Amino acid sequence: MRGDNMEETAGERTNLAGVRHIVLVLSGKGGVGKSTLSTELALALRNAGKRVGILDVDLCGPSIPRMLRVQDSSVHQCDRGWVPVFVGHDTAIALMSIGFLLERPDDAVVWRGPKKNALIKQFVNDVAWGDLDFLIVDTPPGTSDEHISTVEALRPHQLLGAILVTTPQAVSVGDVRRELTFCRKAGLQILGIVENMSGFVCPHCSECTNIFSKGGGEELAKHAGVPFLGCVPLDPQLSQSLEEGRDFIQEFPKSSAFPALTHIAQQILDTSQRSS
């Protein structure tokens, strides 16, 4: 039994040895745009010249393959494990998701905790990422045993910290408070809070309407003493790019969400440079 564990540890070192920084993206509840932020952060870092991977451990809602228009791809085996799917003409983003392992896209993952946790550990151990500057880990909402398994599996590696995503409403902000508690109990550095869906900027007159109120994420960050990374407004061009699998960062530089997303990416770059 001990020999098996030693072999598994060696495998972990091999497949994540070339990954310089690992960033977890967390949310207290579903539907706040966590996968959207993971995708756009990866695109923004790629646009800054970085080699990026995305590990989608949201096992019951794997939406990132569709957002990057690779939902019909499949993963292959190599001598080091699974080969991730490479995105775009420059293949600068590598993606691994349970979505690539389902027989049909509408199949539901009806698994108990131990089977989910085993797959998460397999994703961490057995994906041949190669050399990456950043690995973005998109997690399920909440603070379940899947999060504990993810943090424990990644802890021996270059875990930079966690980004927490919320929307402005009090109910979402309240859930993020619990996420903050989880990070502190797990010993995770909090890179900052992002307030998503923070106002709607009219594409015709540029007036901003706060549909879901505003400022809850920033106020929480101030109260908790953690960085506030910024507000991302509701943006029809961002929604369109995700629906069509297009690169929002390259194609919509004049949109209202573009400066917010690139500013968030720059802060992650700055933090990674300070930690190196």
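Placement of Cβ uses the backbone N, Cα and C atoms for every residue, glycine included.
Pulled from TrEMBL, these are the features on record:
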BINDING   Gly28, Lys29, Gly30, Gly31, Val32, Gly33, Lys34, Ser35  ATP binding site
BINDING   Cys202, Cys205  [4Fe-4S] cluster binding site
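Within 10 Å of the C-beta of Gly28 (ATP binding site) there are 23 other C-beta atoms, taking all protein chains into account. Spatially, by CA atoms, the binding-site residues Gly33, Lys34, Ser35 include one closest to Cys205 ([4Fe-4S] cluster binding site), and that is Gly33. On a Cα basis, Cys202 ([4Fe-4S] cluster binding site) lies 21 Å away from Val32 (ATP binding site). Neighbour counts were taken at the CB atom with a 10 A radius for the binding-site residues Val32, Cys202, Cys205; the maximum falls on Val32. The Cβ of Gly30 (ATP binding site) lies under 8 Å from the Cβ of Gly61, Pro141, each of which sits 6+ residues away along the same chain. Excluding Gly28, Lys29, Gly30, Gly31, Val32, Gly33, Lys34, Ser35 themselves, the residues of that chain whose CB lies within 8 A of the CB mean position for the ATP site are, in sequence, Ser27, Pro141, Val165, Thr167, Ser172. Between the candidate binding-site residues, Lys29, Lys34, the densest Cβ environment within 10 Å is the one around Lys34. Recorded residues Ser35 (ATP binding site) and Cys202 ([4Fe-4S] cluster binding site) have their alpha carbons 24 Å apart, per Cα-Cα distance. Of all the binding-site residues in the record (Gly28, Lys29, Lys34), the one with the smallest CA separation from Cys202 ([4Fe-4S] cluster binding site) is Lys34.
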